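Here the structure is laid out as structure tokens; the discussion comes afterwards.
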Amino acid sequence: MAADKVVETVIVGNYVEMETEGNSRNMKTRLSKFLWHGGSVYDAWFSCASNQVAQVLLTLPYSFSQLGMLSGVLFQLFYGLLGSWTAYLISILYVEYRTRKEREKVDFRNHVIQWFEVLDGLLGKHWRNVGLAFNCTFLLFGSVIQLIACASNIYYINDNLDKRTWTYIFGACCATTVFIPSFHNYRIWSFLGLLMTTYTAWYLTIASLLHGQVEGVKHSGPNKIVLYFTGATNILYTFGGHAVTVEIMHAMWKPQKFKAIYLLATLYVLTLTLPSAAAVYWAFGDMLLNHSNAFSLLPRSPFRDMAVILMLIHQFITFGFACTPLYFVWEKAIGLHECKSLCKRAAARLPVVIPIWFLAIIFPFFGPINSTVGSLLVSFTVYIIPALAHIFTFRSGAARENAVEQPPKFVGRWVGAYMINVFVVVWVLIVGFGFGGWASMTNFIHQIDTFGLFTKCYQCPPPPPINVNATAAAPPPLHHPNNRTHHL
């Protein structure tokens, strides 16, 4: 990873502001800097927005069919706000930790700060261990989900290969992310990624409206409590993409400016997720209960093929977003994190990709796996732990008085922040982890019972019956009436 050069230190209030720039200008061309080396507020916004609205864009209509239209909209707004609050807490804790360390003359020029290190520095090793376990496991399965999504999407363009074979292929393609040094280097990728998901979201919206409602469409959700909480936890997962907040902040030249970035990114994401999910659910209704990928219901066209291709590229980018923090953890574990040789670091990172590849082949349940990860991992990683960490970090009067950042006045300062944090912990623990965990695990186990582990082609139409009298067998319809898709 390219080392940052500290140019100037300015004292702003209680915060030691470190202004940084990239390697000296004689080492990189202006074009390379423009495309490759990002650290501005805009780069952070593109990274947050691009990372947040990945393959979940295709599963949110499925969640609406489980929740119903009203609950689907309300849960998106609610969890979007909740996710923005906990992302704000993470940013505050990062600034607090970094300021304390910089006052101790700790140099971070060759070191990427991560969430578990923030917890370690502020609250001790036990918090570090819990944060590390949840964060790494979530990012591991987040990468798995992107790989599953790649195979699920490409199948709607080319079904000559089954989804498991496509998983093998895309696993090898995604392994190339080991050559991207850090989040500094995602500038052009995050920008393009957001353009791709914007196109896909509006394609889903417009194509569904033009298609119109299918004959006899029904909108019966919510009608089963298991499906209701499964859908809710998928939305919890949707707005829980801030597990990489600390790494994105560390890539910024002025990380103290991050505070409102995630909220602004969420507001933009809602302009994509709400219209697309609502339009697809309006058009197809309960059919979505058996089709967790929205692409499967829309007729094939050049516009749909373009959306599939763009989502494939974006999922490659999001795979890198989820996996890069894992690369950092692994580098630190084997002592190569500060190595300046990109080739050595890339080679050392490859073992991280292998378990991701393997898990994507074992559990190819696109849709249900999102809810399971959301309830069991996202609930703690980016909601409960940050809220509790903020409470315990500033539990003493001295800590609150000397805090680098005070809570905003409109939330009620420290008392208001404390009450919001308690609400987040209680709500997510009971609704997200409790009810959501029960529902999503029930549905996930049902998928295993129905399709089995290592299933070759999850939710694929069965082959047509062989007609010995026919000269040529017709290709199977996209929505075969005997599709082996079962839900509770």
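The backbone N, Cα and C atoms fix where each Cβ goes, and this holds for glycine too.
For 37-430, the entry in TrEMBL reads domain 'Amino acid transporter transmembrane'.
The transmembrane segment annotation in TrEMBL covers 73-95 (among others). Sequence-distant neighbours of the transmembrane segment (73-95) (same chain, 6+ residues past either end, Cβ-Cβ under 8 Å): 15, 48, 60, 67, 113, 115, 118-119, 122, 231-232, 235-236, 238-242, 245-246, 249-250, 255-256, 258-260, 262-263, 266-267, 269-270, 273-274, 277-278, 382-383, 386-387, 389-390, 393, 404-405, 420-421, 424, 427-428.
The transmembrane segment feature in TrEMBL is assigned to 132-154 (among others). Only residues 6 or more beyond the boundaries of the transmembrane segment (132-154), in the same chain, are considered here, and those with a CB under 8 A from a CB of the stretch are 54-55, 58, 114-116, 163-164, 166-167, 170-171, 173-174, 243-244, 293, 295, 308, 311-312, 315-316, 318-319, 322-323, 325-326, 329, 355-357, 359-360, 363-366, 369-370, 373, 377-378, 380-382, 385, 458.
Among the features that TrEMBL reports, transmembrane segment is placed at 166-184 (among others).
Look at TrEMBL and you will find 191-213 (among others) tagged as transmembrane segment. Long-range contacts of the transmembrane segment (191-213) within its own chain (CB-CB distance under 8 A, at least 6 residues past either end) are made by residues 46, 49-51, 53-54, 57-58, 61, 272-273, 275-276, 279-280, 282-285, 294, 298-299, 301, 303-304, 306-307, 310-311, 313-314, 317-318.
Summarising the annotation, TrEMBL assigns transmembrane segment to 225-248 (among others).
Distant neighbours of the transmembrane segment (260-284): 41, 44-45, 48-49, 52-53, 56-57, 60-61, 63-65, 69, 72-73, 76-77, 80-81, 83-84, 87-88, 91, 197-198, 200-202, 204-206, 208-209, 211-214, 217, 219, 238-239, 242, 245, 291, 294, 297-298; these residues of the same chain sit at least 6 beyond its ends, with a Cβ under 8 Å from one of its Cβ atoms. The transmembrane segment annotation in TrEMBL covers 260-284 (among others).
Only residues 6 or more beyond the boundaries of the transmembrane segment (306-330), in the same chain, are considered here, and those with a CB under 8 A from a CB of the stretch are 47, 50-51, 54-55, 57-58, 112, 114, 116, 132, 135-136, 139-140, 142-143, 146-147, 149-150, 153-154, 156-157, 170, 173-174, 177-178, 180, 182-183, 186, 189-190, 192-193, 196-197, 199-200, 203-204, 243-244, 247, 295, 337, 345, 348-349, 351-353, 356. If you look up TrEMBL, you'll see 306-330 (among others) marked as transmembrane segment.
Marked as transmembrane segment by TrEMBL: 350-367 (among others).
Per TrEMBL, the feature transmembrane segment maps to 373-394 (among others).
What TrEMBL lists as transmembrane segment is 415-438 (among others).
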